[in-house]
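Inspection log for the structure reproduced underneath, given as structure tokens.
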Amino acid sequence: MKPDEIDAALAALAGRGLFRQRQTLESAQGANVVVGGRSRIAFASNDYLGLANHPALIAAVTRAVRHYGVGGGASHLVAGHFAPHEEAETALAGFVGREASVLFSSGYLANLAVITALAGRGDAVFGDKLNHASLNDACQLSRATFRRFRHNDLDHLAHLLSTTEAAGRLIAVDAVYSMDGDEAPLAGLLELAERFDAWLYVDDAHGFGVLGDGRGSLAEASLASPRLIGMATLGKAAGVSGAFVAADRRVCQWLVNRARSYIYTTASPPALSAAVLASLEVMRGEPWRRGHVLALASRMQRELGAAGVAVLPSRTPVQAVVLGDARRALDVAAALFDEGFQVPAIRPPTVPEGTARLRVSLSAAHSEQDVDRLIGRLAVLASP
Ligand code: PMP
């Protein structure tokens, strides 16, 4: 790309309904957000439990900032690993039932870390076709042979595993697919990992906090194996920022020693780890939050299905209404915005060509009335 090619490329994106613009929020996340001075019912964030603005998290951050200041100041290995980081790692590992965990400044960095630390030249990595972009980027960056299997197709994966020569193998999947809301067949994947002597790396960004009594998809499936590595982000249901990888202690030690996106980046502010500890307390103490958001999800499935709207099957807070054409998705999102709703249009390359959609994110902060109002408008605007 040369400098004078950028204008034409941007114009081409705009011509295809693929130009992206950011909305600026002027409030906290919650059932309602303020955008451009106007209040909108918010169905766009991943704040599934409504914790991003919870008083207990705000109090914990405030206390920790007074004690530790704001910036982490250095990478974890140099001088940036604080007491709240250490406590949060122990608490998170205990919460999901693993020996140890390692904190990362973001889920993207965690995915880069694990895959590049465990797979390299001569190895092979296997990823679901609908994996999150950060898993795909990590697989590319690892320099291992990268094979993608058809979405949730265990037979296709078994075929690729048996026909790909490799020193070591790693299978990487989302537990809950971020743009569809459906789930990976975790037990079948672990069986294949055992059979082909592979690691199974599970990104539970959208299940943690919501499924398995909040402990996530792997806990819900009761899976345990030394070859199983779990990751969850802390910027979604947990309401904070960052991510953690949970696994056997030796895997965590290997990441701390070898993962470049862990070693060469500044530690997240310690106050955020204090917020994570508070978030775990709220998840334990306010189970109604996950019950409520899951009930809203089944309400949405039932009502949209009855209205003939093309909602993808999902029991999770991720509810995808597929519209097909990118411009139609933009038009419907704009019409909803005018009527008081913030719902994002998700277009290629985030989703496959021809499957542009509205991605409705539900939250424990929503009331049934909020959701019913949206369902009523979708029944009109998003019908085939
Ligand atoms: N994995 C999945 C499945 C995600 O949806 C996301 C965030 N959208 C990430 C990883 C990246 O996490 P983070 O935003 O913390 O970088």
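Just so it is clear, glycine is given a Cβ too, placed from its N, Cα and C backbone atoms.
Whatever TrEMBL says is automated annotation, not expert-curated.
According to its DSSP assignment, His132 (substrate binding site) is coil. The substrate binding site annotation in TrEMBL covers Arg20, His132, Thr350.
As annotated by TrEMBL, domain 'Aminotransferase class I/classII large' applies to 41-378.
Here TrEMBL flags Gly107, Tyr108, Ser178, His206, Thr233 as pyridoxal 5'-phosphate binding site. Sequence-distant neighbours of Thr233 (pyridoxal 5'-phosphate binding site) (same chain, 6+ apart, CB under 8 A from its CB) are Ser106, Gly107, Ala110, Ala205, Phe208, Gly242, Ala243.
The annotation N6-(pyridoxal phosphate)lysine is assigned in TrEMBL to Lys236. The local packing around Lys236 (N6-(pyridoxal phosphate)lysine), expressed as other Cβ atoms within 10 Å of its Cβ over all shown chains, amounts to 28.
Ser178 (pyridoxal 5'-phosphate binding site) falls within neither a helix nor a strand when secondary structure is assigned with DSSP, and so counts as coil. Long-range neighbours of Ser178 (pyridoxal 5'-phosphate binding site) (same chain, six or more residues apart, CB within less than 8 Å of its CB): His132, Ala205, His206, Val318. Around Arg20 (substrate binding site), the same-chain residues six or more apart in sequence whose CB sits under 8 Å from its CB are Leu13, listed in sequence order. Look at the binding-site residues His132, His206 and count other Cβ atoms within 10 Å of each Cβ; His132 has the fewest. Take the CB of Gly107 (pyridoxal 5'-phosphate binding site) and look out to 10 A: across all protein chains shown you find 25 other CB atoms. Only Gly107 of the binding-site residues listed as Arg20, Gly107, Thr350 bring a Cβ under 6 Å of any atom of ligand 1; the order follows the sequence.
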